[in-house]
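Student: My structure is below; once you've seen it, I'll send some questions.
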Amino acid sequence: YLLIPEHFLDPECLSLSRPVCQFFRALVQPEYSAVTDVYVLMFLADTVDFIIIVFGFWAFGKHSAAADITSSLSEDQVPEAFLVMVLIQFGTMVIDRALYLRKTVLGKLVFQVILVFGIHFWMFFILPTVTERRFNQNLVAQLWYFVKCVYFGLSAYQIRSGYPTRVLGNFLTKSHNYLNLFLFQGFRLVPFLTELRAVMDWVWTDTTLSLSSWICVEDVYAHSFVLKCWRESERRYPQPRGQKKKRVVKYGMGGLIVVLLICIVWFPLLFMSLVKSVAGVVNRPLDVSLTITLGGFQPIFTMSAQQNQLKDLTEEDFSSFISNYSYTPSALQFLEAYSREDVTLAELQGSSNSLWTISPPSRQYLSQVLNLEHFPLTVSWTIQRSARTPTFLRQLVFFVFFFFFTCCLFICCFVFFVCFILFPCFIRAPSDSNAKPIEQLYRGMDAIDQRADSLVPLRGGTTVTDRREAGLQLFVFSDKVSPPSLGFLAGYGIMGLYASVVLVIGKFVREFFSGISHSIMFEELPCVDRILKLCTDIFLVRETGELELEEELYAKLIFLYRSPETLIKWTRR
């Protein structure tokens, strides 16, 4: 109707369309308007909706368990619906910023109409169909819709009043107090937010400056604002000359920094100790397998213990087990780190669960190598535990140590050999992938053999020595693992935490304590009002379209920082 001449329209259609056209024309081309700026409030509303989508995504899916974003991300899976919602929400925030910088009321009006119809159609028709829940039964969706309605109200007010003609600086730099200082510093600490804002402002703002020059002006302005806030605080709370710092300041600030640095240095050791002793989770074996191989031939013996063959010790059994090593300090020191729940008895049968298959040529070759002075026998075992631990600990496979011994007697085409095998009946299953026999418990076996008559019997009347001689029963000592919630930290290990946490934080701390002398001429500025005014002038002439003057003022700013003498004159009180 805006493009078709009125004499081509039906009078009834014209009577209906004329008020609508006048309404939209008054919005797009108002005679006068009270210019306002509510972009910050709209941005905060969009940010709240973004957070609701991230942490309440389960309410927008059909099955809450399948749509749980935390469990999906922990399994390195990103639901497609979640990705689409987040990208659309982020895209609307970018479009809103572009419209704000271009000051396009018509574009904002079209964007508002599309959002209103699209969101209401999705919220009241599509979403109930997908989730199989009515809108009044979905609390998270109601909260998201309420915040979006606040955004719609702010956008309508912005359209009605019109965009501001001057967009100068950051909204956090309007006042020079501690609140604005800390909020501005927190804003600059958010990863990529400052960079993204600077690049978008450069793209959608008319300017003659290059991107690097634009970023240079923004950095000078931000640095000058921080200095201005500190100088204002010094003016409001002056420090008398010749007086030493108060103890409250020294111990409040310095003491806190000392405690913080000490905690960072010793964090890996303290964390790994507490996460295993206090918050550790018992991780019992699920399968214990043993394989004996002659040289490089097929395994001659294969056996595994599962379910009922993996038994837990009672308090009485565990106490009697510890009492056997009462005169072995090294063994007692090792056993102090374990409780009854950490020990599992794996009972392996004496017969193999598979046949030994060997071809005639291999059998002939075996009869030849058995006549050698040394012949290798490989004993390997595999212990599989639960996957509740970090990714690389889901299956602990411990294998292969070699015993070389002398054997040999070949009679009438039958292979017969005698070997003495040190069977590892005590195995430690640590939280890494290297299981080893527990040497501390073997060192005390001689003393135990001497006191075998006085040992307290275990279940079935069999002593520890008898079990060792049996050779097919293993005591598995499983180290506690970190709970799943702390697995992302505990998985790095002590050295990994030092390399990834302590050294990285130490690098940033070192940059704060060193290299200060190189920035004295830019940090110790008594008054930065003139520099701030110069930056504001650059913003102002840019908004008014005086691009040649923008170049001249930028050249003046660069010359100011190139000339220490001029900078001293400009920053005097």
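Cβ coordinates come from backbone N, Cα and C, glycine included.
It should be emphasised that the depicted structure is a prediction, and the values quoted were computed from it without experimental measurement.
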Student: Pick from 66-85, 286-305, 526-545: which stretch is listed in TrEMBL under transmembrane segment?
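Tutor: The listed stretch tagged transmembrane segment in TrEMBL is 286-305.
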Student: For the domain 'Piezo non-specific cation channel cap' (311-389), what does DSSP give as the number of helix, strand and coil residues?
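Tutor: Residue counts for the domain 'Piezo non-specific cation channel cap' (311-389) by secondary structure: 29 helix, 18 strand, 32 coil.
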Student: Please give the sequence-distant neighbours of the transmembrane segment (38-61): residues at least 6 beyond its ends with Cβ less than 8 Å from one of its Cβ atoms.
Tutor: 67-69, 79, 81-82, 85-86, 89-90, 92-93, 96-97, 100, 127, 130-131, 138-141, 143-144, 147-148, 150-151, 154-155, 157-158, 171
